[in-house]
Amino acid sequence: MSGPARPDEYSLRGSFVRQSVQLLVHGVKQSPWFFAGGIAAASVFSVMTIVFGTLLGAITDDVVIPGVAGDPLGGRWGEMTDDPMRAIVYAGAAFVVIGIVIALSQAFRQALTQSGVARVGGRHREVVSESLSRLPMGWHRTQSSGRILSAISSDAETATGPLHPLPFTVGSFVMMVAAGVSMWRSDPWLAVTGLAVIPLILLVNLLFERVVTPLWRQGQTLRADVSNIAHESFDGGTVVKALGVERREGRRFALAARDLAAADTRVGRVKAWFEPLMDLMAPLGAIALMVVGTARAAAGYVSVGEVVSAMYFVTLLAIPIRGLGWILGQMPQALVSFRRVGEIAEAAREVDEPGHIEVEGSGAGSVIFRGASIAADDGHDELTVLVEGASIELRPGTVTALVGPTGSGKSTIAMAASRLTLPAKGQILLDGVPLRDVKNLEAHVALVPQTAFVFAGTVRENVTLGADIDDAAVWEALRRASVHHVVRGLVGAGLDPLDAVLDERGSNLSGGQRQRLALARALVRRPRVLILDDATSAVDPVVERDILTGLSRSADAPTVLLVAYRLASIMLAHSVVHLDSGRVVDSGSHGELFARDAGYRDIVLAYERDARRDIDGTEEVSS
């Protein structure tokens, strides 16, 4: 089964027992044939084990006891031969055949079960991955990376825990039923005594579940915290080393690791008591059966062989009891992990599914904001308005610059124009179609963020991202982004530069080179609307000017929305939108705003002073 999570696929309702059954049923539904095969193989194992026990009892009554007493052999063994040694050889051959069948059934069960469990774990990861891709950026901003990494790795794996022993346990219950029937046919008192441990098992498990569930939930939360701290330390390694806070980060990680170790230790202590108690159940049943069986045999109600078989069967009860213990022992943490996967799936299901209109068009596109208000979760289940009532028009083929102080809403506008966040009020239109209704948005709009992410792989893979794009188009995009010469210098003579391998996060490229590579990634798709969220901040101003000029003069020039922090970039724009505190203050050409908008004029003059300072600094270095 593939695709997004179905409605209520990960919902759990009712008592612990009901929730446990729901989790197991969910898993079996993902790979019914594998689990059915595993249960069938386990059932064969159980039946052959009962046959072994029945054969053992018959040999005791008909061969061993008469042979020791010097009496004739009884039962079917006496009909086959009157030689005790020959009867034992026959029985040994039967035991060998039974053993081979048992071994083969075990091998098939393990192979089929492992395949089924792997598919269920894959389904959990697929649901998390698909849900993460659908969830808006606002949701991602409120989640720690450790929480997400834990869901797709630890939680997805832990949620499958009870499925590993499931076929074995279900098949073993065939053994329990067969053993119970066999003991009942021999003597009801033997059956009642042997099966009396089952209520004790349920009681022990109930107590275990009540104690370990909150401990495991705390452990999973701490596990996510450890992953998050580790991710922050690695991702921010440059900052950590530059500021000399390695010891502080080490202490922070060590503290979180100690808390996790303490939580896992508490879980381990509880399990250390639970598992021996479960192991004790079968011996208790055997002792009780020994007492009752001896009395019943002495009274003549059962034979010695029947008591031996019953003792063997009660010993076998340790197998389904142990299997049940494995399932019940892993169930509390599995339920916690299953819910954590379900929380992400449910959050994605609540997101409106965008896209049912195929927008057709060529050439530069038109984007219009009509009174768009954009809000985001502040992390405390409260909405914070980031942009309010924005009305902006991006005319086809023009360059529009967003200008404003930090926190004014420029990046929010850029993200909304690419549908990474949706307006709470108002509309955003692409060629007259509401953006949330556009099905093929990626064919028309491309966003280049300020932080350019580079994947570990070749230049070609980073630019195409798996799309079927020929090398000529890749080189053209690299040229338009002014990064083609950098790519050619990554390899020696005779090698294809597009096959040059980039390090993780592009560490073998400078910041400006990474930004230009990200720009090429967008340009190769020939978008009709290009959104640059301060995407050239690390690029030399002269190179930035050449890139923007080349974009506007190309034959297939897209409509460009530019978050600008440089005067040179603003001067290239056909229109400028001044933002402040999430509102559109004014819009028009640079000259118009400079003449009538004092706030805009102050910002531009500050940019101009920064530009002059950069030029003066460059001249001093040159001299």
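Just so it is clear, glycine is given a Cβ too, placed from its N, Cα and C backbone atoms.
TrEMBL assigns the feature transmembrane segment to residues 33-59, out of the candidate ranges 33-59, 276-302. The largest share of C-beta pairs under 8 angstroms with the transmembrane segment (87-105) comes from 33-59, of the ranges 33-59, 190-208, 310-329. The stretches the transmembrane segment (190-208) and the transmembrane segment (33-59) are not in mutual contact, being linked by fewer than three Cβ pairs under 8 Å (pairs 6 or more apart in sequence).
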